[in-house]
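Presented below is the structure to which this report refers.
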Amino acid sequence: MSSTDLEKQPAFENDSQASKFDKFKIKNNTYRNHLVAFLGEFFGTFMFLFIAFCIAQNANSYPTLKDSAYTSDPSVFTANPSQVVMIAFGFGFGLCVSIYFVLFTGGNLNPNVSLGLLLIGAINVVRFFVMVIAQIIAGIAAAATVDALYPGNIKFANAKSTALNRSRALFLEMFGTAVLILVVFFTAVERTINIAPLIIGLSVFVAHLILVPTTGASINIARSLGPQIIASKQGWPNYFWIYIVGPSLGSLLAVAIYKLLKFLNYETCTAADNVDLIDSQERLIDEAA
């Protein structure tokens, strides 16, 4: 094959690829990528929340595992530890599995994560809205699917403990969301870590251990909005705004901390240590080889 033929080959492949998408009327890579991002975020968020909602429904269906939100004693939390751990596993590891499935979109699966990425310039405004719309629709679809598969009422909608006032619930949601987004920033944005989805999932697991007995654990607008829309016949709690405002404030807090550390050039703090660590790891690999 001549050099001229080699030069022409990419053009042939590009033409073939373009014709493949012509039947879908997607001739512009930008539009096609937005469509892929939409579908990826939809399927990823659906998978995540379907897994999590099923496990939460199971956990809250046991008569011995009484939800703290429905206790008759307003002075104590009564969520059973087994229930809390079960729900935390569902959301934490459900997210981990789902992120690995849709790494090609970045695996946001959370409007508050997407908001944080928008504010630090990691995604543009159009991609932000594409992702958020997909995530919210997926949240509604996942809630509707689980509701159809399980008998009785939805038992995975967010419910604040009566032992907690609204201001405390708001700040708990804010801090829980901020922790999640900071983990995303420093494992998937600042540097690419192969086990980033696992670490992000663990941060959600820990957040749920803290928040399930208190706020019901949102840290994700799509997670809260979907079940509440499907369960709207049961009524909307007058404190539902906490699950919108709290996580949104958490996004802003995480962005503020991130930008402060970037302004201070945090990379220089451990640069030398990181070089030494990389050198030592390379030496160990060479010796093993």
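The backbone N, Cα and C atoms fix where each Cβ goes, and this holds for glycine too.
Here is what TrEMBL says about this protein:
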- 35-56: transmembrane segment (TRANSMEM)
- 84-105: transmembrane segment (TRANSMEM)
- 125-150: transmembrane segment (TRANSMEM)
- 170-189: transmembrane segment (TRANSMEM)
- 195-219: transmembrane segment (TRANSMEM)
- 240-258: transmembrane segment (TRANSMEM)
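Comparison of 35-56, 84-105, 125-150, 170-189, 195-219 by number of C-beta pairs under 8 angstroms to the transmembrane segment (240-258) places 170-189 first. Contact count against the transmembrane segment (125-150) (Cβ pairs under 8 Å) is highest for 35-56, out of 35-56, 84-105, 170-189, 195-219. Under the criterion of 3 or more C-beta pairs below 8 Å, with sequence separation of 6 or more, the transmembrane segment (195-219) and the transmembrane segment (84-105) qualify as touching.
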